[in-house]
Amino acid sequence: MGDYVWMDLKTGREFDVPIGAVVKLCDSGQIQVVDDEGNEHWIFPHNASHIKPMHPTSIHGVEDMIRLGDLNEAGILRNLLIRYREHLIYTYTGSILVAVNPYQLLPIYSPEQIRLYTNKKIGEMPPHIFAIADNCYYNMQRNNRDQCCIISGESGAGKTESTKLILQFLAAISGQHSWIEQQVLEANPILEAFGNAKTIRNDNSSRFGKYIDIHFNKRGAIEGAKIEQYLLEKSRVCRQAQDERNYHVFYCMLKGMTPEQKKKLGLGKATDYNYLAMGNCTTCDGRDDSKEYANIRSAMKVLMFTDTENWEISKLLAAILHMGNLRYEARMYDNLDACEVVRSASLITAASLLEVDPQDVMNCLTSRTIITRGETVSTPLSMEQALDVRDAFVKGIYGRLFVWIVEKINAAIYRPPSHELQSVRRSIGLLDIFGFENFTVNSFEQLCINFANENLQQFFVRHVFKLEQEEYNLENINWQHIEFTDNQDALDMIAIKPMNIISLIDEESKFPKGTDTTMLHKLNSQHKLNTNYIPPKNNHETQFGINHFAGVVYYETKGFLEKNRDTLHGDIIQLVHSSKNKFIKQIFQADVAMGAETRKRSPTLSSQFKRSLELLMRTLSGCQPFFVRCIKPNEYKKPMLFDRELCVRQLRYSGMMETIRIRRAGYPIRYSFVEFVDRYRVLMPGVKPAYKQGDLRGTCQRIAEAVLGKDDDWQIGKTKIFLKDHHDMLLEIERDKAITDKVILIQKVVRGFKDRSNFLKVRHSALMIQRYWRGHNCRKNYGAMRIGFLRLQALYRSRKLHTQYHMARRRIIEFQARCRGCLVRRAFRHRLWAVFTIQAYARGMIARRLYKRLKGEYHRRLEAEKLRLAEEERLRKEMSAKKAKEEAEKKHQVRLAQLAREDAEREVKEKEEARQKKELLDKMEKARNEPVNDSDMVDKMFGFLGTTSSLPGQEGQAPNGFEDLERAQKELEEEDLDAALPLPEEEEEDLSEYKFAKFAATYFQGTTTHTYIRRPLKQPLLYHEDEGDQLAALAVWITILRFMGDLPEPKYHTAMSDGSEKIPVMTKIYETLGKKTYKKELQALQGEGEVRICNLPSYGHKKNSVRHKLVSLTLKKKSKLTEEVTKRLHDGESTLQGNSMLEDRPTSNLEKLHFIIGNGILRPALRLEISAKSQLSFSVVPPTPSS
């Protein structure tokens, strides 16, 4: 009980193999077993002949199936099943990787996994796709030989995903992370969008084959790539089977485009288009078409697709969809079947996108032009023929668009090799080509696809079986011959021997009267005796069968020749030629340039595909191949579902059983004698290089016996040594160990030499330091004596310079006095001239106002007189002239009286306004003379500024009397001042020179401008020689910012209470400015400062003391502000740190004014600076009394 056994159910099915089971009960006369699928079986002992014990290696599974004890299909299948259930989807067969599609995302592809598998041999780590990619890369570098990775399997087995994973790994380990690597990776989303589609078997099935050749430079970095595409399934554009979709790009475009773009292209939903809704499937589980469209656009930008090209591609795709919605109506002309296209929005939109005339499209799709003996004959097409023509046109557009996209990608990622680098440039090729296909209805495309798979299977067979066994025979290796399935006969029948199937199809395609029926007849007559060919059962059937390596496939011959010709008739080419769309002309360039006769002789699709396949096989033959066999576990694309019969069929047709047998019995690792000796001679001391050896075979044998042992399973042939996988691993490990030992020895010697050299260098340096120190000591003593003499000389020179200085100072002072007098007189004259100018303008203004008033009165009276005359003239028609004159005179007198009253009222109003202004001035004068409360006055004047937290423009209500300035000012009535008498030209003054902006541009330092800024300055606006003035200027600006509310107050408060808070600040200012002893005390202070210069050793202390006294002279000592000024402004270091006095506590607006005024009084050099800063600050505030 508990033993594992093999149980053969003997169902008789072709792909049924024994299943693994575990014995649960065997005591009741019957044996109860539970198989791997969970089914219970009761077996009688006399019927137990179909139960066999299981080898221990098959119970829990192995990573390399060569090590399986049960070497049969059942053992291989159970090993894959066990690992699949444990989410271990990769398994080795020697160096061949078997990958089972998990149909779910597994966390085994992270950057950490890439790091773990980098530079590791196959077998060192668990099986993984990254291990194959890593061995491809390092074999390329080590052997300097091109590599290729052939990824094969049925549709839906995971070939495309495996290719993308290998690409990502190669981009990661190349180590450059360059733009070209990004471009190579971004080519995949574009190719998948235009070449992949959802099928019954696969949600992301590649409907074309591709070979990506990645080029590496000598450093192992990716420097380019080239993509070859094979046999795009163009028929999918026009028709899809049930539950299948068209190519991804159509659905992505409809989901991802903006409404404006879709409106320009006339697009709607996917269900609106026949070409997309034919399979009744417009969505795909697990795919976000909108997100995929964004990825496609991003990838196109990386690969240098311009916006214009992207838009042109979208136009062609939209035109294809609209063409699919065209509707036909059958007609009969001259007893001939004909049809016509129903004029619809789809026709108009498609024609506009293709930039052709809609009538030309209709004619092209419903008739065919034939040229016979120089005459042109137009033949109508039946509805069926017209639909075929439309579909052919659409397939032609899409196929040529796909080829153009691949060429565009290659233009971005391919770098032609230079002649100098040709010898060192290597490549890794990744082949992702369509898997073996066998549908309900198989057509020409399936024949080409299965032909390609036959070639790949033959390549695999030749590499693994034929070449292996042939080489063993040539090298006289002891070897047991293994029988294997060879598909060479099928290849000969399809494409190699004379009169093969491909050549017969081509021959029939070139006959004008050749049909699918005549082609099938020729195939039957030529190959009916071939065992791999299955003819139709009767003359009415249109199918023939081929016995492929993966089974029999029946092909429907209907449409074979038309698909093989792959040509468009002349009407369509002429329509393209007439288009104004340059892009469609570009992709049809070869067809347009080719004549009608030339198009008939152009190579057929099968011949082109055969030639491309031959080139591919030649390329693969020149590379060292790695194989990845992808297995599809079930047909339902569901995770954790394992279909045993489906997997057995794939394993059997892939030759996996024979592969395991030949890999187990064979020697996958082989070296020529020269390569082996040069690589592993480090394992035996004293072995010379290969070119110096006489007996290379004997040397190889000695090395192998020393490392691997005499009795191990390795062999030596005529020119090569043959090893197992584990032998190569053991040799590499020993080689790495030997090289490491030699490297350590070299490092030891080098480090000894380095340390000895360093010691000698240090010793030499110590001697040099001693020598220089002794010289320095002598020079120091000499220097001390020399300084003494220099001091005597300095004293004498200082006396002499002192005398010269005082003499020059007196002369300069006298010169300054005369200059200042000159400047004062010049300023007085300038101001006097300004006063005269103002007076002249004022008198002129008064005269003009008087003139204007008199002129207005004159015009009013003149107007009244005109009205009187007009009135008199009007009344003469009604009455006599005398009465008319009297009546007009009465009305004239009334109007004159009205004008007199208006003039009187105006004079009264002007007098009232003058009286109010006088009263206001008297009131302001009276208020000025009255004692005021300083705090109330400041709050009243500057309360509109708000608190320090107020935002600019939200300071508060304007003061009383200035509310009207908050509102928009009314436009003043324009006065006519043209009549003013102009002053002489020499007395006119250019007032632009007094503009503040000009002053700022001339005198401001640095990059400061005349505009207001709400942050502290890094330097004063004007230049100041004294450092104290510079720091005080910065402090004044900070105070102005806080006064304006643009800089917050300090949040902590240093308490000071000496009773001075109750004294009005204005009183302090008046008392301070009124001191009569200011001048005397200042002179005394300066004198005292000069005395202290001589007495104190520290000049910095003297400077601070003088500044302290100067500050104390500005305001009374009991003033809180004065104490802070005297405490802080005299200290150069504190001021240098940013005027810490301003950070002690919050201050009121009056204290800020006090601080600004105090600095203006104390430092005359700052007055112009303060004036400029005031102009800056009030340039952003609404006009108020404070401004």
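Backbone N, Cα and C define each Cβ position, glycine as well.
Counting only same-chain residues six or more apart in sequence, the Cβ atoms lying under 8 angstroms from the Cβ of Gly158 (ATP binding site) belong to Ala99, Asn101, Cys630, Lys632. Look at TrEMBL and you will find Gly153, Glu154, Ser155, Gly156, Ala157, Gly158, Lys159, Thr160 tagged as ATP binding site.
Summed and averaged per residue, pLDDT over the coiled coil (862-930) gives 86. Residues or ranges marked as coiled coil by TrEMBL: 862-930.
Taken from TrEMBL, the feature domain 'Myosin motor' covers 60-736.
For 1012-1187, the entry in TrEMBL reads domain 'MyTH4'.
Summarising the annotation, TrEMBL assigns region 'Actin-binding' to 613-635.
Tertiary neighbourhood of the region 'Actin-binding' (613-635): same-chain residues 80, 84, 93, 95-101, 103, 129, 132, 135-136, 139, 143, 145-159, 162, 200-201, 211, 213, 228, 230, 429, 431, 435, 451-452, 455, 459-460, 463-464, 641-643, 646-647, 650-651, 654, 656, selected by CB-CB distance under 8 Å and a gap of 6+ residues from either end. Long-range Cβ neighbours of Gly153 (ATP binding site) (same chain, at least 6 residues apart, Cβ-Cβ under 8 Å): Lys159, Gly435, Arg629, Cys630, Ile631, Lys632, Gln650, Ser654. As a summary of secondary structure, the region 'Actin-binding' (613-635) carries 9 helix, 8 strand, 6 coil according to DSSP. Most Cβ neighbours within 10 Å, among the binding-site residues Ala157, Thr160: Ala157 holds that distinction in the structure as shown.
Counting only residues at least six positions away in the same chain, the Cβ atoms of Thr199, Arg201, Asn202, Ser205, Phe434, Gly435, Phe436, Glu437, Lys632 sit under 8 Å from the Cβ of Ser155 (ATP binding site). Sequence-ordered, the extra residues of this chain that approach the ATP site, with Cβ no more than 8 Å from the Cβ center of Gly153, Glu154, Ser155, Gly156, Ala157, Gly158, Lys159, Thr160, are Asn101, Asn202, Ser205, Gly435, Cys630, Lys632.
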